[in-house]
Every structure is written in C-alpha cells, then in structure tokens.
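Undergrad: Next up is a structure, given as structure tokens.
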Amino acid sequence: MADKKRYEELINILDQYSYDYYVIDNPTVEDAEYDQKMQELLKIEEAHPEWVTPESPSKRVGGEVLEGFKKVAHDTPMLSLANAFNQEDLADFDRRIRDKVGDDIAYMCELKIDGLAVSLQYENGKYKQGATRGDGTIGEDITANLRTIRSIPMKLQKDYSIEVRGEAFMPKRSFQKLNEIREEEGQMLFANPRNAAAGSLRQLDTKIAASRNLDIFLYAVADFGEMGVETHSAGLDMLETLGLKVNKERRLCNSLEEVYAYIEEWTEKRAGLAYDIDGIVLKLNNLEQQRQMGNTVKSPRWSIAYKFPAEEVPTKLLDIELNVGRTGVITPTAVLEPVRVAGTTVSRASLHNEDLITEKDIRIGDTVLIKKAGDIIPEVIKSITEKRSGSEEPFHMPKNCPACDSELVRLEEEVALRCINPKCPAQIKEGLIHFVSRNAMNIDGLGEKVIIQLFSQHLIKDVADLFFLSKEKLLELERMGEKSVTNLLASIQASKQNSLEKLLFGLGIRHVGAKAAKSLAIHFDTMDNLKVADKETLTSINDIGEKMADSIVTYFANEEVHDLLEELKRAGVNMTYTGPKLEDMSEEELVFTGKTVVLTGKLEKLTRNDAKALIESLGGNVSGSVSKKTDVVVAGSDAGSKLAKAEELAIPIWSEEDLIEYLPDEGGLNE
C-alpha cells in the first residue's frame, strides 16, 4: 500500500525530470523511466484522490473541460512596446535615454518571441493563476491550459509570491506536426505558430491544449525591484535559479554598436531557431534608470522592440478585383498566385487605390513583390519590370460601379473613387454586415454568410428587416437548424436593448466611428434629439469636427433615413443612451475628450488629415506645437524636436499604431 511520503517523493522526482528536459534541455532519464514513475503516481492518485494537489505532474496532461474564460485584472499593467524599424529609430531611443539618465547605461537585448504574452502568478512558490495579456489591464484566466505547458514549474525553488511575465509559443516542429494531423483529418490548417499557440491556450478542453506541446520563455517580473535585484539582467538570472525557463540567447550590450551587432547576428540566424522570432527587444538594464524613464500611456520609455524588416516575396499578379465598401469606396485588390509570406499563405493583397497602381505601373500578369505591412496586412510593393514578357496588361479603373453600374465619382480631397448610389447592393450588403458586427449591434449568429443568404434571397433589404425575420424563413436557410435559429432570434431580440451608441455606430454614418458614436449618444441622449441637431450644435462637441458634423446633418436630412428609423422604432429597437453619463466615465473611456494632441514625424499608414480627423472624432483638439498644456503626442518616424520636447516634459507619447486602434471598422476616415 502506497504511503503519502512516497507520493510526495514521486512529485519531486517527476518535477525534476520535467525541469531537466523542458527547461534546461538536459534530460537525465529515458522516457520509459519517466513513464513508469508517472504511472505509479497516477495509481496512487486513483487510490487517494484526497492527496491530489493542483501542483501534481498529473495535471499537465489535461482532462478538465472549462465552461469559459473569466476576466482577470493584472495588478501591474502588461504594457505593449514601442517599435523601432531601423538604426535611426534605435539611435533616437538611445538619445532619449541618455538625455534623461546620462551616459552610464547598458541594454539587455533579448529575442522577441512570436507568441502570446501571458502572466503567471505564484503564491508562496506555488503556481496559482495564469492569464493572457488582454488589453494590458484585463486579461483572460487560462490557468488550466498554461498548467499543461511542461516548462512552467508548478513550484518554484523558493517560496516567492510573484507575478512573472513571458511569451507562450508553439515550436516549429510542434506546429508542423499539428498541421499534418489537421490536414489528415480534413480540418482547417493554422496559418502560423502564433495563431496555433493562441488557439491552443483558448481551448475549453485542456486535453487539447496539453496535446499541442506548447513552450514558454519568461522575461520579466511585474516588479523586479521586489526581488532585491538592481538590474534586469540580474532579475533574469534569478528567474533561472527559481526554476523558470529564460531564453539563453540574451546579451548585455554596453553600446549601440553592440546592439546593432546582436541584431545583425540574429537577423541571419533566426531561420535556424526552433521557434519563431519577429524582432529584438532592448531594455535599459538598470532598474533605477527604468524608474526614472517611466512609462507612456501604452508602453515603457525604457524599452523598445526592434522589428525585423518585412519579408519581401515575388509572385504573379493574376488579376485585379474591385471591392465596394459599405461607404461606396472602390478598392482594388490584387489576386495573386499563392505564396508564403511571414508564416502565412497569401493569395490576395491590397492595392489601395488607382493612383498607387498608376504611380507604380502595376500591370496584370506582372511578377510583383509583396510584403506584410507591420507583418499583418499583405500589400504589393512594386512590379519587377525586368521580368515582363510583353503580355502584361495595364489596369484602368472602370467608370461605373462593378456592383450596380452607377457612375463612379471622386469627391473633393479624396484619392479613392466612390459609388454614391444609396441603393447599391454591395454597399447595402456590407452595411448589413457592419450593423451586426461586435462593435455595433453585436448580433451573434448573423455572420457574413448568413447575411449574404438573407440578402440574396430578398429576405432583408435594410437593417430594419433583420428585426422582422421569422423562424420559418430562417429555417429555410442553409445550415440553419432549430437550435441555431432559436439562438439567433434570441440574439436579435437582445440587441434591441443596446444603448444608443451601438445603434449609431451600426448605422454606418460616414466618418462616425465607435468613439464618436458614444460621444454623440452621451451628449444628445436620444435619437430624436440627435437627428434635429444642426452643424453649430454638433461642432460645439469636442469630439465632432466640421467634416463629421456635415456628414451627420446630411445623413439625417435623408427621408429614407427617417423611414428606416421609424421601422426600427416599430421593431422595438432602443433609441436612448443607457450607459454611464459623461461625469461618471473614466478617462480611458473618453480617450482624447478635452485633451490637446500634437502630431509629429512621418506617419506610414494615415495621412496627416486622417490622423487629425481621427483625433477630433475621439474628442481631442490638434495643436501644432508642444507645450506644458499638451496632453498627448502622437509620434511617427523621423520625429524631431517636438518629440524631444515631449520627452523632456514627460508628456505621454503614442505611436501611430496606438492611434490606428481607434479607427472605424473600415479602416479609413475619408470613406
């Protein structure tokens, strides 16, 4: 008969075996011996379930089925990092550091793992909770799934109570095996290891998470200072002594030249790693100097992520298709011979507008170079003209809409061509898809395919029709069974109670994003008040600029809009603001309301006018100079004296990417 002492001994032995194998990559026993001891442990646990603790090695194989993922607050925010794309960006970062703390500095350089940022909490040395980064303040509880990662110790070598940050990832070999299995089973393949890791950690069945063979590198403690160390490098060393897995390829650099050499080395060697990396992270090593530098709204001033240059890959441009957005903008899209770029297969890419196609002389049949902007959005960089055979065809934008044949127009100060026919079926369809989306009316079960079916079968012609759908009609649709239809109708019914801002955003009024919709709802309280507001009243609201005000007035002057609103009222859709009033709202919810914002440097994705309009739509006032009254500086590349002054005055600095997070769904302000 087993005794508890033997049980505890087995736990310690198996923990040590796991540490040797998964953390320090130095296995000390054969698999057969590990399996024999694990079986012995499992038999004891079967006989004595009262002895089993959450730290038992048996918990790593999964088996628990979760109901969902609850939200958890991070005691210390998990900030994102500002990006650097070249040596000039790094030199600017270094200058800001030296201006603030002097020249006696060193940088800890670490590989930027391409995975999922997570937080691990240990209480008295025992693993207590694991969470995703989420929005940096609130994440999701994935404790059970993280427990299945063998390189995460359930007990530390010392009884510390700490919160550790790291990057969970799927090794390349595990990713390849997983996709091979999925292909054999006829399942959709994962695009890249990052997506596979994220999907694995959000499995409700922990056995599935356990089968995915994830790994982790830990790179920080929420507050290293609590551990009695003075430098980041010493903190990483201490994490290793606690039994945590820290990446060995880190290097302490005493100059920018050493940083550049480290980057160059890993730019060349990255392909040979067992896992994906997408850059190098620099951290000011001295913790006191880190505290002196402080943080911006989104990121620490003492750290930066150098992003590897986007991979550029040649492929064939087979065709150029035209897409009609919900506001009528005609967007050309490149149809490509499928090719792998930055870990995913790309068969379509953005061409932005006609002017860009003409300027770059891109022709159908060309061999073109493509890359992923920010490693996310595929785009065509240029044609490789020396590979032309003479059969390539220049592209010309049509004069009429590809969806409704109406004449296309180019509005003043706009680059894009636009269809202005309010009856255009493509615009109506895209508008319906937008209306039911998460940030708008959030109607579960009404995905794009269902909307297309409903529209093509003439069951809906506008958003009001959604609220008059019958069970009988829905059951006639493909892949819509009794349960799906019941759930969908319940979701439609629930959406009627949404607060006014959700409806306003869903209506797709030109230039009105989610944040502006909320400000309008708060200010006017009811749809009836808003629809009679004049331009002067609208522009008196901090969030609303002249262009947006004109758009709102024009929208509500349309008799068809009045008819639509009456139909929505008849359906029982709420048209009153039911959320917290302005005085009760947090600063985070208000974003830029009442704040002065300065733009500086070169923006890569937004025009200066777009950025200004977006800031105004979020309630901010754009100023041309930095002063003590400035609340936020949005800095692009090549930012000069304004950025330096903002740093000197300790003004929060946003990147262009931070600002883009608040774009309306269609991604543009001139649409």
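Each Cβ is built from the backbone N, Cα and C atoms, and glycine gets one as well.
Sharing the feature lines straight out of Swiss-Prot:
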BINDING   Asp31, Ala32, Glu33, Tyr34, Asp35, Ser80, Leu81, Glu110, Arg133, Glu167, Lys283, Lys307  NAD(+) binding site
ACT_SITE  Lys112  active site, N6-AMP-lysine intermediate
BINDING   Cys401, Cys404, Cys419, Cys424  Zn(2+) binding site
DOMAIN    587-671  domain 'BRCT'
Undergrad: Here are the binding-site residues: Leu81, Cys401, Cys404, Cys419. Which has the lowest count of other Cβ atoms within 10 Å?
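TA: Taking Leu81, Cys401, Cys404, Cys419 as the binding-site residues, the minimal 10 Å Cβ count falls on Cys404.
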Undergrad: Among the binding-site residues listed here (Asp35, Arg133, Lys283), which has the Cα closest to the Cα of the residue listed as 'active site, N6-AMP-lysine intermediate'?
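TA: The answer is Lys283.
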Undergrad: Closest to Leu81 (NAD(+) binding site): which of the binding-site residues Cys401, Cys404, Cys419, Cys424, going by Cα position?
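TA: Closest by Cα: Cys419.
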Undergrad: What are the non-local neighbours of Lys283 (NAD(+) binding site), defined as same-chain residues 6+ apart in sequence with CB under 8 A from its CB?
TA: Tyr107, Met108, Cys109, Glu110, His232, Gln290, Trp302, Ser303
Undergrad: Which whole-number value in Å describes the distance between the Cα atoms of Arg133 (NAD(+) binding site) and Cys419 (Zn(2+) binding site)?
TA: 41
Undergrad: Using a 10 Å cut-off, grab the number of neighbouring Cβ atoms around the Cβ of Cys424 (Zn(2+) binding site), all chains included.
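TA: Step by step: centre on the Cβ of Cys424 (Zn(2+) binding site), count other Cβ atoms within 10 Å, giving 21.
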Undergrad: Among all the protein chains here, how many other CB atoms are within 10 A of the CB of Asp35 (NAD(+) binding site)?
TA: 11
Undergrad: So around the Zn(2+) site, Cys401, Cys404, Cys419, Cys424 aside, which residues have their CB within 8 A of the centroid of those CB atoms?
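TA: Everything else in range on the chain: Val324, Gly328, Asn400, Pro402, Ala403, Asp405, Ser406, Leu408, Asn421, Pro425, Ala426, Gln427.
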Undergrad: Can you count the other CB atoms that lie within 10 A of the CB of Glu33 (NAD(+) binding site)?
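TA: A count of 12.
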Undergrad: In whole Å, how far does the CA atom of Cys419 (Zn(2+) binding site) lie from that of Asp35 (NAD(+) binding site)?
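TA: Counting only the Cα atoms, the answer is 67 Å.
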